[in-house]
Every structure is written in structure tokens, then in C-alpha cells.
Amino acid sequence: MDLLFASTNPGKLKELRRLVAGLPIRVVSPDELPRALPEVEEDGATFQANAEKKASTYARLAGMAALADDSGLAVDALGGAPGVRSARWSDEEPGPAPASPVCDLAEAAAAELGPVAGRGARDERNNDKLLRSLAGLPDERRGAQYEAVLAVARADGSLVASVAGVCRGRIGHARRGTGGFGYDPLFVPDGQGGRTMAELSAEEKDAISHRGDAFRRIRSLLERLAREGA
């Protein structure tokens with residue numbers, strides 16, 4: 001079964017393709033479609049609302065079954081922020097924010113290499129903002145969790161199901177690791193010896209991540225849809 005992944009985020013796409021390995025499913029990215037699909041505005045108040053909207057809209061527009069992800073970081077000390085605004089959190093700064101050397105390098109790469117590097121530059125701005133927001137707080141007040149919702153829709157746009165996954169941890173005091181994307185260099189998941197998500201192997205991350213958790217909850221449904229031809 002061909003399954004459209006309703007996201008242009010290369011990090012999420014890479015993770016999903018690892019997770020579906022072994023299933024009779026070929027994950028298709030929007031970039032592989034014969035015609036470009038319009039952006040779907042993520043204007044929901046919850047991860048579930050956004051994931052379901054994206055799955056239904058992309059499936060209907062493309063005429064094929066679609067899986068959508070909406071996910072982000074919820075920090076206890078920030079009242080659950082950045083939440084659904086995780087990807088674009090730094091865009092909400094009232095003015096130019098002070099940038100770290102890491103952020104400066106990412107901005108230079110974005111200017112030279114284009115959209116994919118630009119996404120990395122935004123990640124670095126988000127991480128800078130997170131560090132500033134928690135400056136001075138001890139570990140016991142830096143609790144956080146990654147949250148993800150996966151939603152599946154049939155080719156006619158009808159929603160089949162949505163499931164949630166969570167990975168609990170805390171926010172570190174400095175970036176560590178080169179893997180993953182987003183807030184991974186700062187997120188220290190529980191039970192991993194103090195390593196950040198970015199210091200884990202791909203297999204280790206998939207075993208404990210919020211997206212992996214959600215996928216395991218929806219895997220049997222995807223297998224059934226594949227048998228039915230969705």
C-alpha cells in the first residue's frame with residue numbers, strides 16, 4: 001500500500017520510514033507526488049486537531065491514504081509551551097533575539113544551502129529560546145515531554161483513527177549530540193543514562209520516542225489497511 005506522509009519535514013519522514021520497515025507499506029512524501037499540494041494551515045489548538053486536519057486534507061487532495069503527524073515539546077515550567085507552536089516558537093519573538101554561535105552557523109548554512117538548512121536554522125533559534133527561557137532553573141524544575149499524535153485517513157479524506165504518544169524527560173543545560181532534529185540536542189529522555197535524544201542511535205530513539213510510541217499504537221491498524229488496500 002502506498003501511504004502519503006502529510007509532512008515535508010525530512011527528519012519526521014526519515015523516522016517514519018524506519019518505523020514502517022517490514023510492513024507492506026511504501027511511504028510517499030509530498031515531494032514525490034506528480035503535482036504540488038498546498039500547505040495545510042496548522043491552526044488547531046491541539047496536536048490531535050492538527051494531525052487529523054492534515055491527514056484528512058492531504059488524503060483528499062492526493063486521492064490516497066495519508067498519515068499525518070503533529071508533535072512538539074511541552075515544558076512543565078513554561079505551562080506546556082511551546083506545545084503546538086514548537087516548530088515556529090522562535091518566530092514569535094518580538095524582535096531580533098540574541099543568537100548563539102551555533103545559531104549563527106546554522107543561519108549561514110541556511111543562506112547558502114536553502115530550505116532544508118533553513119529548517120535547521122529555525123531549530124537552533126528555537127533551542128536558543130528554550131535555553132533562555134529556562135536559564136537558572138535546576139534539573140528538578142526542567143521537566144518536559146515530547147508529545148506526538150499520528151492520524152490516518154482513507155483516500156476519500158475520511159478519518160480512520162488518531163493515536164497519541166509521549167516521551168517523558170527534562171531539558172538539559174546545553175546542546176549535546178548530533179543526531180535527530182528539533183529540540184533533540186536539549187531533550188534528556190528518562191531512563192537513558194542522562195544522554196540527550198540527539199546522543200541516541202536511531203534504533204534507541206525509535207524505541208523510546210513519542211513518535212515511536214504513537215506508531216506502535218497504530219501499527220496494527222496500518223497493517224489492516226494495507227491488507228484491505230485502503
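Placed from the backbone N, Cα and C atoms, the Cβ positions cover glycine too.
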Further substrate ligand in Swiss-Prot, beside SER7, THR8, ASN9, PRO10, GLY11, LYS12, PHE181, GLY182, TYR183, ASP184, LYS205, HIS210, ARG211, within candidate set SER71, SER90: SER71
Under 8 Å by Cβ from GLY11 (substrate binding site), counting only residues of that chain that are 6 or more apart: GLY180, PHE181, GLY182
Rounded Cα-Cα span from GLU41 (Mg(2+) binding site) to ASN9 (substrate binding site), Å: 15
Pairwise CA distance, HIS210 (substrate binding site) versus ASP70 (active site, proton acceptor), rounded so that it is a whole Å: 11
Entries of SER7, GLU41, ASP184 which, being binding-site residues, have CA atoms within 10 angstroms of ASP70 (active site, proton acceptor): SER7
Lowest local Cβ density (other Cβ within 10 Å) among binding-site residues: SER7, ASN9, SER71: ASN9
Nearest recorded site to GLU41 (Mg(2+) binding site) by CA-CA distance, among binding-site residues SER7, SER71, ASP184: SER7
